[in-house]
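Take a look at the structure set out below.
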Amino acid sequence: MTISQSEVADERLSAFIWYRRGMRHLLTTPAIVLYLSFIGFGGFARESGVEIGHALAMTGLIWALPSQVVLIGGVVSGAGLAAIALAVTLASIRLMPMVVALVPELRDKDTPNWQLYVLSHVTAITGWVFAMQNVPKLPRYARVPFFAGFGLTLCFINIGVTAIGYSIAGIVPPLAAAALFFMTPLYFLLTLPSAARLLSDRLALVFGIILGPIFAIYVPGSDLVWTGLVGGLSAYAIGRYKRRVT
């Protein structure tokens, strides 16, 4: 998943060349894990009665598997539009800290804001871990096209993968489809430590693992929000205190 030394050469290459270098990583383990997960999502969408056009739109416009599952669950259960919108928002708000952490790594002095807006959309778990591991090693001018080559193309490919999963629904057993869903969060959990460079990052991971199951028992439905608030703020406070005393 990490880039080679040849990719950090100091020569100023064109944006398209850096875009293609980002695309080289589309057959790495994290990308393949995501493809398998979206095969599971396509099957889930069909079994839930969602039309294929709507399923493809969810992948391209939402680009966050948990939020897409929440949306389908709300529609199937007959929940109101406002309730569904709120649930999807709460499921997606976890991505905001990732965007806040990533944008300063991508931004160059000449980077147009619209490019950062587009890349913010494709900043989900897989893309964020990939970017935090790779873009800091690149020259500033190469970071946006490099990440675009991976993140944007990954999103477009998974729209097609969703269609494949939708088409083969019924062939894949339900248990196997559920296992495909689980692969992305499991891979994220295993790879996040390598992208955690600060003490607060590592503490947030530990607090999340501990507090997540506790809040799931006592405040189901809002457990993710409370885990993020309590664990994230605690990790940030401890990390900031540690920096001050040292």
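Counting begins at 1 with the first residue displayed.
Placed from the backbone N, Cα and C atoms, the Cβ positions cover glycine too.
The structure displayed is predicted, hence computed values, not measured ones.
Record features (TrEMBL):
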- 26-46: transmembrane segment (TRANSMEM)
- 52-72: transmembrane segment (TRANSMEM)
- 79-102: transmembrane segment (TRANSMEM)
- 114-132: transmembrane segment (TRANSMEM)
- 144-165: transmembrane segment (TRANSMEM)
- 171-190: transmembrane segment (TRANSMEM)
- 202-218: transmembrane segment (TRANSMEM)
- 224-241: transmembrane segment (TRANSMEM)
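Among the stretches 52-72, 79-102, 144-165, 224-241, the one making the largest number of Cβ pairs under 8 Å with the transmembrane segment (26-46) is 144-165.
Here the transmembrane segment (52-72) has long-range neighbours at 37-38, 41-42, 44-46, 84, 87-88, 91-92, 95, 121-122, 124, 155-156, 158-159, 162-163, 166, 181, 184, meaning same-chain residues at least 6 beyond its ends whose C-beta is under 8 angstroms from one of its own. With a threshold of 8 Å between CB atoms, the same-chain residues lying at least 6 positions outside the transmembrane segment (171-190) that come near it are 29-30, 33-34, 36-37, 39-41, 43-44, 47, 65, 69, 125-126, 129, 165, 209.
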